[in-house]
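TrEMBL annotations:
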DOMAIN    41-290  domain 'G-protein coupled receptors family 1 profile'
TRANSMEM  25-49  transmembrane segment
TRANSMEM  61-82  transmembrane segment
TRANSMEM  102-121  transmembrane segment
TRANSMEM  141-159  transmembrane segment
TRANSMEM  199-222  transmembrane segment
TRANSMEM  243-261  transmembrane segment
TRANSMEM  273-292  transmembrane segment
Amino acid sequence: MFMSSNHTINKFVLLGLAESPDVQLLLFGVFLFIYVCTLLGNIGMMTLVRTDPHLHNTPMYFFLHHLSFTDACYSTVIMPHMLVSFISRNKDISFAGCVAQLYSFVFFGIVECYLLAIMAYDRYAALCSPLRYVVMLPKTVCVWLVSTSYLLGFLYAAIYTGCTFGGSFCNSNVINHFFCDIGPLLKLSCSDRFLREKVIFAFVSLNGISTSGIILISYLYILSAVLRMRSVQSRSKAFNTCASHLMVLSLFYGTGFFMYLQPSTSHNGLDKVAAVFYTLVTPLLNPIIYSLRNREVKEAFMKHMKSLRLR
């Protein structure tokens, strides 16, 4: 709890996405549907990978399993509290709850960035070097890459949370957002935030540019390999797959860069719209784009359904 010259902040008030009760009721239905679909898609993907031996032993699906876990947690950090606020009209969140929400959100967000970069490299290795694929990504390397992603998420989340809450809050406790995010919280700080904003900007740039750079380079090599394919059907299918991947990646990184690569004083009403996309929409789309459109996943799903019917 941080002390100011006037009072002690022990809770925050999240203004949310709308003030009208009718609009809040509509938003409750929409976001409840999104959240349920997100959980079903991601938990379903995790279950398939765990129960199907072929998927479980393939690097791509090992990474997808962790991406699904991250997406499910990423949404759960924000969605339940937001849904309750729509119904109860209680927009309060405790100081400790706000700290925990920000830390968890940043942790899973950072892990997601690194997993997306790893998966892009995985697709590059599988398509451009199929004969060396197993050698390039053995089980030990896969475990090390995922473990490193979680470790970096843990460290960077601590840095971001420390910088965000490392000052006094004395102007207001009203957060103009639907969850505890870095920019809206920094706007409430009445102590000097210049250095803290620079540290956050530097680490966001480091994480964003490094992971998006790996993704971009990997997909450039993938597209180059696709263009060399002789079969028109294979080339068209590969292009469609790459396009759908890049669409979701652009949505996630584009809205994320918009939010975090600007000073806290520049934030406005568009922040909430951008945040909806990188916090709620991309976790919904990821299992559809990366998993449910995949032939091997469909076959594993049908096999799993048949086995359930035989019991």
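Glycine residues also receive a Cβ, built from the backbone N, Cα and C atoms like all the rest.
No contact links the transmembrane segment (141-159) to the transmembrane segment (243-261), because fewer than 3 Cβ pairs that are 6 or more residues apart lie under 8 A. Put simply, of 25-49, 199-222, 243-261, 273-292, the stretch with the most CB pairs closer than 8 A to the transmembrane segment (102-121) is 199-222. Across the residues of the domain 'G-protein coupled receptors family 1 profile' (41-290), the predicted structure has a mean pLDDT of 90. Residues 17-18, 55-56, 61-62, 64-65, 68-69, 71-72, 75-76, 79-80, 82-83, 86-87, 280-281, 283-284, 286-288, 291-292, 297, 300-301, 304 of the same chain lie 6 or more positions beyond the ends of the transmembrane segment (25-49) yet place their CB under 8 Å from a CB of it.
Take the transmembrane segment (61-82) and the stretches 199-222, 243-261, 273-292: counting Cβ pairs under 8 Å, 273-292 has the most.
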